[in-house]
């Protein structure tokens, strides 16, 4: 492969001065006012399609015009002109049926530009250069043109490679100096173009010439149309070896600056920047003047951001001339030496850096058909939606790279790999991280590489089939731009011992770096982690062999990385999860020290090395390093003596009572022991030599203890129930000190005339559940955790009007406001509070939390209404991080910058999704409704019609129906697979012990609540004749037959495959038969929360938050259990359509019964206003169950809904709906469209602002 001398020539000029590229070709063509015949010319005079607008044809039909435009730009000062070939591929020309002219278009365009450059160069004595313009085409590899089929693509990678190759070849034949791949909105398309160009250089003998690459950031999110950040775009395309990289189009110069700045820091190439002349005006024109644009780009130049500047849409020779003059004498940017030297760069939608300072990189392992039976079954059954959820869980659990393997004999591997990767590309929360394409079939690897826009890892290749095959595959991987995993495997087989492992890796490294030209930082060696303790002596050193091989690789093969499957080491102890997890921790401790920097491991299940019991640690290290031939047997014995979570049972002791008072207070706080805290606090207070003031006791020993609690919770070494118990201890101590502090305050007022204005807290947080919402368990937990972390919390309770929140914030001089809500109407109330905070002039941060909230809603709907920090807090620990970061002036600015950038990304992604989302027309969805053959259906008549009440129900009967998993979720105790559900959670290595403690507490409290009749459970059930009409369900008076009311339905409108029905609840109710209803609908409401609120207030007055949260959580579980019990009674007795049902409690919780009970305001009918009809028909208030103005149920521990008996009825989610359905729904309900939009805002598929 020969190399053009232009590299050195252009590099020298770009180091001396800022170079200029031309402006818009299309803008100048429009000024010529050409007609259809200009585009046809003689060659296309009889063409069967209109051609006006196909500007590339003008290089053939009107070359005089194109030459004139080139010359004007060159005379204005341009160093480079672009050929008139933006749409010069067979793919783009297919729209005009001009594919047959592609070679001529490109060849003639290059000749015209070449002649203009040569003519002006000769006249001015300054050489000019031709850039062969290669546009993005009108198709994209990363985005489906069909919303209904997100895996569909209307072009393949290889089709693009051929089209780009043909174009580049013709441009080169016409005499271009540079190939410019521009306006890249999808990095996958750019990768195809670069692949084609590298193929020309490396396989066809075309001399290598400079390549420029310019992406397009579509808006202020800083992302391309396909979702990548500018930095990720650079990483994805680095294999193309661009001499210059940068941005053009979409944005004006001012808006483009921050993104050019980022690229300038990231890239060691020259930086090119040619923005639009501002943003389009209402008429599609561009208003930024040459002087305005030149002034901005002059600042780019002065700040050392650019090497080449020019213009895109709306720019003219006058703009280029102004730029040329503006940068005269300014020293160009000096490209940095490789800013990421010694690091591996990968990318998904975002860049990922693996280097010396990077923590161990966790590779998610569950998207592997060979390693996960569940994932394999999902793929075989074409259940890709759920398979994507598996990937999402991996990312949410901390995977930094997603391993995907489709190697199964019953699968079409290339098809499955392509489909899965294409699907996850439309899931930003998954696609943000890089993919590891894992297969032993190279065709599957190629399919994967051609289905993702990021820089991937290929897993794997080896010397197993010899050097030639190894080099062939390595060169292909390199051309695609991926990193590679190399197995320690050669022609003789898999290496087990240290020296063979290293020898194979060293040989592979030499071939890759010296013969293939691989970047050593893109090489990952899997040095084979093999199982120890198998009973075979030759296996006993396998752990040491790997660790020593890792050390040798990192010390002797610069840049290379070491990876492996960690769980292999402990396979002989399968079934003993606590032992396995501890063994993984010990193995990684030493392997990472030796140089292993990435691997497949369940990081969430690793105990901290220092926390492993010393006797166990000794046994594990003896086993790992083969120091004791009986280590395996000893470990098996130890396992029998251990608790299932791998830790020795605690022994009770009162030795701590002999410690100093400070140590006793700390112990009480950390352990949650309140028995002696008042006495110990008083002892500390009386030591006035050490603590002159009561406040000093809070500031020092008590806060010191809570600091330990906060640290342990943040590190995952304490769990939420323990933290809440600690808070209870703290509150009791502070309550004891408050009267003494008040006496001191009054004394100060009398002697000094004023009270001291001081606080021991980090800050003050006013927190409330918003108006209309009664749910507060999550809010209460946040209050406790914030209090444990030295924040003063002013809790305003539930159903708090906006004016009360703002008033409290002003009176308390709050540093933060926190809003909580569970039901969707609360989202609108939060928007209103934000607006009011802005109106009254507050400038403190606003925290948003609760089950119905999301980062997207916060960023899109709330944040724009309040020009100060607005932060979505996912859970209690997140709120601490947010408040602490915003309180610490040393990190506040950086935190806010990251937050603002993140929320801007979220906003832009949201608006982009609205543009791209496609909906089925409402009438067509009704044609595709779920159809039941009503002629063959006979409804079962209930045992009674009308209304029936159930008062003061025996709670003991509900205990078997309790679903305990949500209970543990309240306490943020989440087991890891396979110990997620109850009772398996008790076996979880991390949370099992604490879950058992909380569960035992719950049993004690359940008994107390029932025995003392603290809680009361009531319910009301009704069965009414019913008939469907379209999407609605009418209910009738059982005596008169008159229509009583209507339940209105919403129908699925998006996300359905062509053969899938579009569900609506009315599909499960029979229409009128001969004008008479011939079916039934059930209605119910139940509660187990009567009495809970009053009792919890008493507990909170006694500073017992733990008990208060426990009571509310149990009331909630009992209410759900009551709903489950009632539904069983309905099925088997009250309605009696399933009299022979014989299901276990587990079957009930798994919904294995006939019929459904959807709730208003939830997925099958997301409209909360339907509760008004339900309440009117049930007269639920008579049973003590009410509705707030925002339609939350009161008490909070209440459940309501409808009963459907049809055997074909099933749960479904309506999902997003379009405006046509909203208009239709509003008309049917006879309410304003705006009111419907307010209540249905979370499911609207369009923006109402």
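Just so you know, glycine gets a Cβ as well, placed from its N, Cα and C.
Noted in Swiss-Prot for the protein shown:
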{"type": "BINDING", "residues": "249, 312, 313", "note": "Zn(2+) binding site"}
{"type": "BINDING", "residues": "699, 772, 773, 774, 775, 776, 820, 824, 876", "note": "methylcob(III)alamin binding site"}
{"type": "BINDING", "residues": "963, 1157, 1211, 1212", "note": "S-adenosyl-L-methionine binding site"}
{"type": "DOMAIN", "residues": "1-327", "note": "domain 'Hcy-binding'"}
{"type": "DOMAIN", "residues": "360-621", "note": "domain 'Pterin-binding'"}
{"type": "DOMAIN", "residues": "652-749", "note": "domain 'B12-binding N-terminal'"}
{"type": "DOMAIN", "residues": "762-897", "note": "domain 'B12-binding'"}
{"type": "DOMAIN", "residues": "913-1249", "note": "domain 'AdoMet activation'"}
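Overlay of Swiss-Prot feature records on the structure.
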residue : record                               : DSSP class
249     : Zn(2+) binding site                  : strand
313     : Zn(2+) binding site                  : coil
699     : methylcob(III)alamin binding site    : helix
773     : methylcob(III)alamin binding site    : coil
820     : methylcob(III)alamin binding site    : strand
963     : S-adenosyl-L-methionine binding site : coil
1157    : S-adenosyl-L-methionine binding site : coil
1211    : S-adenosyl-L-methionine binding site : coil
For the domain 'B12-binding' (762-897), how many residues does DSSP put in helix, in strand and in coil? 69 helix, 26 strand, 41 coil
Quick check: of the binding-site residues listed here (313, 699, 773, 775, 820), which one has the Cα closest to that of residue 963 (S-adenosyl-L-methionine binding site)? 775
Need a quick answer: max count of Cβ pairs under 8 Å to the domain 'B12-binding N-terminal' (652-749), which of 1-327, 360-621, 913-1249 is it? 913-1249
Integer Cα-Cα distance in angstrom, residue 312 (Zn(2+) binding site) to residue 1212 (S-adenosyl-L-methionine binding site): 48
For the binding-site residues listed (1211, 1212), most other Cβ atoms within 10 Å of the Cβ sits at 1212
Other C-beta atoms that fall within 10 angstroms of the C-beta of residue 313 (Zn(2+) binding site): 23
So how many other Cβ atoms are close to residue 249 (Zn(2+) binding site), meaning within 10 Å of its Cβ? 21
Spatial neighbours of residue 820 (methylcob(III)alamin binding site) that are distant in sequence (at least 6 apart) but have CB under 8 A: 767, 768, 769, 770, 773, 775, 776, 778, 779, 782, 849, 850
Comparing the Cα of residue 313 (Zn(2+) binding site) with the Cα atoms of the binding-site residues 699, 1157, 1211, the shortest distance belongs to 1211
If one measures from the C-alpha of residue 249 (Zn(2+) binding site) to the C-alpha of residue 699 (methylcob(III)alamin binding site), what distance in angstrom results, rounded to a whole number? 57
Judged by other C-beta atoms within 10 Å of its C-beta, the most isolated of the binding-site residues 773, 963 is 963
Return only the integer: C-alpha distance in Å from residue 1211 (S-adenosyl-L-methionine binding site) to residue 699 (methylcob(III)alamin binding site). 54
Roughly how many angstrom lie between the C-alpha atoms of residue 699 (methylcob(III)alamin binding site) and residue 1212 (S-adenosyl-L-methionine binding site)? 54
With the S-adenosyl-L-methionine site defined by the record as 963, 1157, 1211, 1212, how many Å span the farthest pair of C-alpha atoms? 21
Write out the long-range same-chain contacts of residue 1157 (S-adenosyl-L-methionine binding site), meaning residues 6 or more apart in sequence whose Cβ is under 8 Å from its Cβ. 1082, 1084, 1123, 1127, 1201, 1202, 1203, 1204
